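**Student:** Provided herewith is a single structure, encoded as structure tokens, for subsequent inquiry.
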Amino acid sequence: MVSIAFYGGIPGGISTPITQQSEKSKCEENTMFQPYCYNNDSKNSMAESKEARDQEMNLKEESKEEKRRNDWWEIGMFLLCLAGTTGGILWWYEGLPQQHYIGLVAIGGRLNGSGQSNAIECWGSFPGCRPFQNYFSYETNRSMHMDNNTATLLEAYHREIAFIYKSSCTDSDHCQEYQCKKVNLNSSDSSNSVRVEDVTNTAEYWGFKWLECNQTEHFKTILVPENEMVNINDTDTWIPKGCNETWARVKRCPIDILYGIHPIRLCVQPPFFLVQEKGIADTSRIGNCGPTIFLGVLEDNKGVVRGDYTACNVRRLNINRKDYTGIYQVPIFYTCTFTNITSCNNEPIISVIMYETNQVQYLLCNNNNSNNYNCVVQSFGVIGQAHLELPRPNKRIRNQSFNQYNCSINNKTELETWNLVNTSGLTPLPISSEANTGLIRHKRDFGISAIVAAIVAATAIAASATMSYVALTEVNKIMEVQNHTFEVENSTLNGMDLIERQIKILYAMILQTHADVQLLKERQQVEETFNLIGCIERTHVFCHTGHPWNMSWGHLNESTQWDDWVSKMEDLNQEILTTLHGARNNLAQSMITFNTPDSIAQFGKDLWSHIGNWIPGLGASIIKYIVMFLLIYLLLTSSPKILRALWKVTSGAGSSGSRYLKKKFHHKHASREDTWDQAQHSIHLAGVTGGSGDKYYKQKYSRNDWNGESEEYNRRPKSWVKSIEAFGESYISEKTKGEISQPGAAINEHKNGSGGNNPHQGSLDLEIRSEGGNIYDCCIKAQEGTLAIPCCGFPLWLFWGLVIIVGRIAGYGLRGLAVIIRICIRGLNLIFEIIRKMLDYIGRALNPGTSHVSMPQYV
């Protein structure tokens, strides 16, 4: 065995004998250079096991870090889902129609019946009525006391309708008596000629019996159906139906009044209310308005037309009369087809309104089969509570329209059940209201509950920030600030109390004013009545009415109560202003107490100012809700990362900078010595081997075994560079430790160093890259927590975090959509598979593999 020794094999100037031995003794003698003897196979297995352990430890650290990150992400997503669910529930609840609303309404003390029928006024869109939409109606178990002279809604309805028609229509005396006789209308089948014959026993024509009535004062004779007239004492005297029942007797009106499309309501104002007895013991309905009434709807035998297709065709007939004088008014005949019509009184003869843009006609129709009606234009009619002589344009209505309504409109029985009551004072009354007649809830952006919650949350945040500043800066001033705050609260409460007292006085003044106005109206009515009775001759300035003057008629409220109310209102105004000024001064003093130029104080004041400016406009835009929620969400989810980054900056900046300078210094000197070591190694190798390449490569391979690394390792930076970075000692001593004493430590350090650094491990070392980097890498590291403020700053990080959150939310949505599509595809596949199996089963049953049917054989 020949031993060849040479020096200078290890860089750094230490001469280490390296021997070239045979394969047999290589294992025993290499122990002086290695902690234990191993070959290539054992080296690979040990490296693999060590790498597996390192990977396992790295995975554990990554899982812990990922778990910490996921915990905050899950908390943020939970808060997001919770807020979204809460907002959705509030939105749904605000738009949900409430079936019953239980509460208290202060409507007064004892409810007594009132005879002031003129307190009931017309409210609606019709000209002459008040435009008002705030109707309410409550159910209560309060018992009502009614006087004998209590006004009903029907009486006020008579008065209002009479006023409307008398002020809008032309007066007429057509309700006088007519001399009528019964006639028959006979027609031939071959022509449209109809003969009028005087008979005793009449027969129906066109579904009606006919009368020929003569109005001698105007030399007018009309041919009218018997259903429009009323006989008096079984004589030849007849009057139009409804003349003895209605107040207004007018001739012609504007067409729009006759349409039946003007809804009105008869309503009252406090202290008056309308009460309807429900027919149950101690159960009533109280409100400010009665039922809806439509002007122009016929009172008797109405017909409710429904459906789109309705058509009426005029039937032109020639009426032949032997002899007559003056005007002879003939009827207009129609044949109508109603696809869907209902008779309100279950009678075969009904009244229907047919109109165009510029004309209207009231038809009296008789049903001859299921959908066909024989109709005739009426001459007289009862519209609302006014008896009218209807306009009869002698032409066909081409584009017919039919008014649609229900049978309960203008029901006299219902109007008689509503009574007028009067009350005074303030007394709570338990009530319940249905949504369609009482309190109507409207949808808002996030609902009123969400707005209130947002205001409370914003105020709480501002107050918390302000109080946090006080606690952090000047603890000794907290008591003083609290005293000022308590003064502000007390002043605000006192101001609210004064405002409530002022409102009560104002309400009493309004009630008294309304009562005086109603008294003036009643006096005007009495005066008009006296003028009609006693002052017939208009030339007399003074006249006798026949009734003694009552001093109570001119008695108004001449007490000093009104002056007392005015003085109290002035005093309360002054007290309210004084209280509010005091509250403002206390609030200003509390702010001055901690008014310092400190940045935290300025932040608290600015936050309070911004939120105070936001509160009046919270309901104006939904964007503020979204921005506020995103800011809160980012604050909750990003606080740990921000604090961790600040801790790394403050604690690791010094050590990181020191390691960075050492690294640069040793890297520069190591490059010089590395060049010198390579030159020495080449000279020594040339002198010893004498050009023997095989021995050189064997020693190279043996050296690789001794180092425990592959060729890829030789291309990486030397391990002694990382040794110096790991232990912080001198170059010579650390190089000796890394190459001879602890060869594995340098390898592990190299694997876990900058070359294999994992950004997800959450290391506290702050790496400062001299070559810089792009914004994307910077912000990604900022989001992961490894590099935050020194690189890209908080605003850019905040914007990028918002983009990441939106992207993740969109990703969740797309993944959910993919799951839904996958489930649908599976369902379709299942359905197709079931259909396939059924078809296959039926096919196999119809076409079995073995046929048991024997066919006849012919020989």
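Using the three backbone atoms N, Cα and C, a Cβ is placed for every residue, glycine included.
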**Student:** Could you check which of 367-403, 663-699, 700-736 is flagged in Swiss-Prot as coiled coil?
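**Tutor:** Based on what Swiss-Prot states, coiled coil spans 663-699.
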**Student:** Which residue range, 446-466, 803-823, is the one Swiss-Prot calls region 'Fusion peptide'?
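**Tutor:** The range carrying the region 'Fusion peptide' annotation in Swiss-Prot is 446-466.
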**Student:** Among the residue ranges 86-134, 233-281, 576-624, I'd like the one that Swiss-Prot describes as coiled coil.
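**Tutor:** Result: 576-624 is the stretch Swiss-Prot calls coiled coil.
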**Student:** If you check Swiss-Prot, which of ASN550, ASN752 turns up marked as N-linked glycosylation site?
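**Tutor:** Per Swiss-Prot, N-linked glycosylation site applies to ASN550.
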**Student:** Swiss-Prot lists region 'Immunosuppression' for one of the ranges 498-513, 530-545, 786-801; which is that range?
**Tutor:** 498-513
**Student:** By a 10 A CB contact count over all chains shown, which of the glycosylation sites listed here is most packed: ASN112, ASN186, ASN214, ASN399, ASN422?
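**Tutor:** In terms of Cβ crowding, the pick is ASN422.
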**Student:** Specify the nearest of the glycosylation sites ASN112, ASN233, ASN399 to ASN422 (N-linked glycosylation site), where nearness means the distance between Cα atoms.
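**Tutor:** That would be ASN112, the closest of ASN112, ASN233, ASN399 to ASN422 (N-linked glycosylation site).
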**Student:** Can you tell me how many other Cβ atoms are located within 10 Å of the Cβ belonging to ASN244 (N-linked glycosylation site)?
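**Tutor:** Within a 10 Å radius of the Cβ of ASN244 (N-linked glycosylation site) lie 11 other Cβ atoms.
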**Student:** Could you check which of the glycosylation sites ASN112, ASN186, ASN214, ASN399 is the closest Cα neighbour of ASN233 (N-linked glycosylation site)?
**Tutor:** ASN214
**Student:** As a test of reading the model: what is the averaged pLDDT for the coiled coil (663-699)?
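**Tutor:** So the average pLDDT across the coiled coil (663-699) works out to 56.
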**Student:** At the Cα level, what's the spacing in Å between ASN186 (N-linked glycosylation site) and ASN244 (N-linked glycosylation site), rounded?
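**Tutor:** ASN186 (N-linked glycosylation site) and ASN244 (N-linked glycosylation site) have their Cα atoms 33 Å apart.
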**Student:** To the nearest whole angstrom, what is the C-alpha distance linking ASN112 (N-linked glycosylation site) and ASN244 (N-linked glycosylation site)?
**Tutor:** 32
**Student:** Can you grab the distance from ASN214 (N-linked glycosylation site) over to ASN244 (N-linked glycosylation site)? Cα atoms, rounded to a whole Å.
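**Tutor:** Cα-Cα, rounded: 20 Å.
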